[in-house]
Ligand SMILES: [Fe+2]
C-alpha cells in the first residue's frame, strides 16, 4: 500500500495543479502512486532504483513535510513571543527542503513513461524551437546544465510566465523551481545519486542520456498548456 500516511484526512499532491492542499483542516500529504510499474522504465532506470526512490526517498519527504507542517500549525497557535517566532523561522528551510522534495518527485514520476522518448510535437515543439533554435539544442543545454550541478540537485525545463518563454535552470538540493525562480516546472531531471547510483554508479552523463528515452512528452505538453492558462 503506497498511500495513506497516518492521518484522519488525507490528500494527495496533484502536481499539475501546483497545490499542496490547505493545512487548515490538518490535511496530510500522501505519496502519489506511480503511473506505471516499478520495472516499467527498464532498461533505462532499474526497478530497484524506482522502488527505493519512490517508496523510501519520496516517502521520507512526504513524512517530513507533514511533520514540519504540523509543527508550524502548532507554533502558529501559540503566543507571539520571540521564542515562538524563532521556532516558525526555524521551520522554513525544513519546509522548503521537504516540500520541494515532494513537489519535485511528484512531477518527476509524471513526466516519465515507458512509452516516452522521441521528440515533442504540437505547441511544445513550436516553443522549444522558437526559444532554443531546435529540440536538439534544448536537449543539449538541459543536459549540460544538469550534468554540471555540483552535488545533489535538479535540472529543469521551465516556463517563464512573464516573458512567456521557456528557460533552463539548474537548482541545488530540493529547491522547488517555481518559488525559487518564478519558472513553472515542465520537465525535471533528478540528479541526486539516489536516482541513478545503483545502476550508473558515478557516471551521471550516462543516466541523463538514458532519461531522454523515457520522457513523457504528452505530460510535458499538458504541463505547458496548464502553465500558459495559469499565467
Ligand atoms: Fe530523488
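From the backbone N, Cα and C atoms, a Cβ is placed for every residue, glycine too.
According to TrEMBL, the Mn(2+) binding site annotation covers 53, 105, 190, 194. Positions annotated as domain 'Manganese/iron superoxide dismutase N-terminal' by TrEMBL: 28-113. Feature annotation from TrEMBL assigns domain 'Manganese/iron superoxide dismutase C-terminal' to 120-223.
Other than 53, 105, 190, 194, the residues of this chain whose Cβ falls within 8 Å of the Cβ centroid of the Mn(2+) site are, in sequence order, 54, 57, 58, 108, 192, 195. When the domain 'Manganese/iron superoxide dismutase C-terminal' (120-223) is classified with DSSP, helix, strand and coil residues number 54 helix, 24 strand, 26 coil. Least crowded of the binding-site residues (53, 105, 194), judged by neighbouring Cβ atoms within 10 Å of its own Cβ: 194.
When pLDDT is averaged over the domain 'Manganese/iron superoxide dismutase N-terminal' (28-113), the result is 96.
The local packing around residue 190 (Mn(2+) binding site), expressed as other Cβ atoms within 10 Å of its Cβ over all shown chains, amounts to 24. Across the domain 'Manganese/iron superoxide dismutase N-terminal' (28-113), the DSSP tally of helix, strand and coil residues reads 60 helix, 4 strand, 22 coil.
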